[in-house]
Amino acid sequence: MEYSISQFGAPDAPHCNPETAQVTIIPAPLEYSVCYMKGTEHGPQAILDASSQMELYDEELDCCPIEIGVYTRPVLDYSGMDHAEALKATGQAVRETLEKGQLPLILGGEHSLSAPCIAAVHEKYPDLTVVHIDAHGDLRDEYEGTPLSHASIERRVVDMGIPLLEIGIRSFSPEEAEFLKSGPNIAVVWAYQIARGIAQIPWERLGKHVYLTIDLDAIDPSEMPAVGTPEPGGLSWYQVLDLVREICQRSTVVGMDVVELCPMEGQTRADFLAAKLVYKMIGYRFQQNAK
Ligand SMILES: [Mn+2]
């Protein structure tokens, strides 16, 4: 790609000192198990590039969230690695960020990268809850022969013994439905419940510390067309923002990711949505701390 921004919010971002930043963005162009549209490996760079065109004042929060310090690591280089090695390297980047006392915010890349990131955050915060905003349940034990698949990521979270809250789901296999009925520690808020105004989100499930993973296909394809596996009937921009805001008000978010952007020719609105979502997540997260 010719246009290649290395710091989120650049070129105006003056607050990207790696030592004093409160957030470290980890661009993770991981793509091994994507099954339909390929291209998520270009997602992180598309988000960084779009972020350079974004205004840094947040009218809702009446501040410039970037001033808390947002450092972007060099894009992770997975060349020569197999899927398992790439996941390990991603988890290591999260661990290094946590050791510096910074909040890791990972840009995907395919959703399988969340597993090592969540594992690393869970080591530091054993009382972790995972909130998963997605169109898909991602609860298959394995998919296309691998337990590392992006379609199995939340099953790995369950395997780790971490309570899970899934929101926006509208694509679920019979195997996943059966698994859910077997009583694992999962609550699911379906997209249709949100669309009809009958969703009762079990917020009491959230512990003190939350890891938030957002698969961009949670958002309706009319607003977010650039994903590998689009599903109709998704959440709106403001519905997603309201969820993120509420999560940040109720708990301390100690890790987050935005995954599955699959940049497409002529669909730059998707890259801009992803970049702005990342910025709103940072704003909500630290506005809550400032109160
Ligand atoms: Mn998904």
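Heads up, the Cβ atoms here are built off N, Cα and C, so glycines get one too.
TrEMBL lists His111, Asp134, His136, Asp138, Asp215, Asp217 with the feature Mn(2+) binding site.
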Reduced DSSP assignment, His111 (Mn(2+) binding site): helix
Entry from the binding-site residues list His111, His136 having the most other CB atoms no farther than 10 A: His111
Check: same-chain CB within 8 A of Mn(2+) site center, minus His111, Asp134, His136, Asp138, Asp215, Asp217: His132, Ala135, His150, Ile153, Ala218, Thr229, Val259, Glu260
For Asp138 (Mn(2+) binding site): DSSP state (helix, strand, coil): coil
